[in-house]
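Here is the structure we will look at, set down as structure tokens.
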Amino acid sequence: MEKPRGVRCTNGFPERELPRPGASRPAEKSRPPEAKGAQPADAWKAGRPRSEEDNELNLPNLAAAYSSILRSLGEDPQRQGLLKTPWRAATAMQFFTKGYQETISDVLNDAIFDEDHDEMVIVKDIDMFSMCEHHLVPFVGRVHIGYLPNKQVLGLSKLARIVEIYSRRLQVQERLTKQIAVAITEALQPAGVGVVIEATHMCMVMRGVQKMNSKTVTSTMLGVFREDPKTREEFLTLIRS
């Protein structure tokens, strides 16, 4: 029996033909150009890359992509146990990356307070869940944040919210650490900021070297945390206590 044109089969299951390299594609909606001369201190107020409307619009395409993955693995997306899997996986992936729908200004605008406090503020052991952008598998761990105020303080729960916004994206741990520190610095203009992340990467546990007990530790030190060894040591001692 002749196969329908425009359709190919993988492991006996029909699959939509992928566009050939170089083939014309629908024009993508261009993003507005970034404003020139923007001040670095305003970078934390940048717009969100994804909206709820984008989620609804892209969910069918994302589910179709998961169906294609199942076929390529030799599975039948139509069997009972997998009937709803593409939609579940698509919805889950949108949740895992929901940080793209949020901005720092959403969280911080009403939670920055004038306060004459000049001693270190630390929130440690903040649970963190993120997705490795290289293998699309999770890495999980804890985040420790400290900053030295400069006439302003931040609501403590907002530090955890900053972690949530940046970790719920496709990430590498090194960049995540720096993004958290830079966001706090640009929003508060403190004397200094320190961020340390300890995480276990599933791409090292479930594949590759398969080391169950390995942890990756990254740090970013800004301001006096970078320039003054005593301040840095105080922070590192307190998060270990």
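Glycine residues also receive a Cβ, built from the backbone N, Cα and C atoms like all the rest.
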Annotation match for phosphoserine in Swiss-Prot, from S24, S51: S51
Chain-internal residues near C203 (Zn(2+) binding site), provided their CB is under 8 angstroms and they sit 6+ positions away: C132, H134, H135, V137, F139
Alpha-carbon distance [S51 (phosphoserine); S72 (phosphoserine)] in Å: 30
Listed in sequence order, residues with CB under 8 A of W87 (site 'Involved in pterin ring binding') and six or more positions away: L59, A63
Rounded distance in angstrom between the Cα atoms of F96 (site 'Involved in pterin ring binding') and S51 (phosphoserine): 14
